[in-house]
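Participant: Let me begin by handing over the structure; questions about it come next.
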Amino acid sequence: MIQVITPTARNIGALFVNRHCVSSTSLCRGLATLEYNTHDLHDDDSHRNHNTTANQHCAHSLLILGKPGGGKGTISGKILADFPQFRHVSTGDELRQHVRKQTQLGMEAKRFMDEGCLVPDNIMIRMVMGDAVEAIKNGQSLLLDGFPRTMEQAVALDKSLDVDMVINLCIPNETIIERISDRWIHPASGRVYNYSYRPPKVVGKDDETGEPLVQREDDKPENVMKRLQKYEQATAPLVKYYEEKGVIQTFSGTMSDVIYPEVKKWLDNQLAEDAAATV
Ligand code: ADP
């Protein structure tokens, strides 16, 4: 259950020091009333810090928007290497983990994922908000990769925390289709290969086990087209939504290695501006 809190301006009340540097209690609105069931996945996540003491932190929430197969994961990986203060929440990875572990959520989500459809908002909101709330309670900054993808998800997110930076990756459809058709996986381990830049040693076989590689159901060309169409309908409107909030920056191109230095420069500037504003 998500408590509905009237959306407010960025500086909600006296708790905000500035728009980014907030106490974790104020960044995460209405925390006490949020109930999410992610225990079936996280029970064994002993590496995570479960200290939930509310502390004063410069917590940031950064989103990464972009077409399916458009390099969100790659750019996120580079961001995390340079900015380790961010905790990565990737909805695609998390959903696949649920599917592998055959949790109830995973079983519900699988049929939508296999068909190249978006998983329903209520499932996604329940899954992501648990992570987001936990990170913020711990005073961590958050990098949300793959969420929100619909206006309903964006509105739900806004009710719980302030999104302060959004990266919009703009990649041509042809590049994406080419890239995805080259992607094959080893289902048992989740190892991912790409015939253009990370080919297996033997065509069609996993390097470690020699077992056959398969194409993810949602990477099959007919499903990729469906996902791109869904993106246009459901996710593209979010660009305007975040433009109106003045928090989004678009990066266009075809190669992550070329796009990323620009992303880093922008992120460095954003974080430096915040740091300056808090002294
Ligand atoms: P891609 O960006 O290539 O779609 P992801 O790994 O991010 O890959 O997501 C895989 C699938 O998981 C999506 O096709 C969709 O079915 C589901 N999914 C991920 N994030 C969301 C979301 N925020 N809302 C609905 N479905 C989602």
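Cβ atoms here come from the backbone N, Cα and C positions, even for glycine.
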Participant: Have a look at 60-89, 90-119 and point to the one annotated region 'NMPbind' in TrEMBL.
Facilitator: 90-119
Participant: Reported in the order helix, strand, coil, what are the DSSP residue counts of the domain 'Adenylate kinase active site lid' (183-218)?
Facilitator: 2 helix, 12 strand, 22 coil
Participant: Can you tell which of the binding-site residues (Gly69, Gly73) has the fewest other C-beta atoms within 10 angstroms of its C-beta?
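Facilitator: Minimum Cβ neighbour count within 10 Å, taken over the binding-site residues Gly69, Gly73, occurs at Gly73.
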Participant: Of the binding-site residues Gly69, Gly71, Gly73, which one sits closest to Cys117 (AMP binding site) when you measure Cα to Cα?
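Facilitator: Going through Gly69, Gly71, Gly73 one by one, the Cα closest to that of Cys117 (AMP binding site) is Gly69.
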Participant: A 10 Å Cβ contact count, applied to the binding-site residues Phe147, Tyr193: which residue has the minimum?
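Facilitator: Sparsest of the binding-site residues Phe147, Tyr193 by Cβ contacts within 10 Å: Tyr193.
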Participant: Should Val119 (AMP binding site) be counted as helix, strand, or coil on the basis of DSSP?
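Facilitator: Where Val119 (AMP binding site) sits, the three-state DSSP reduction gives coil.
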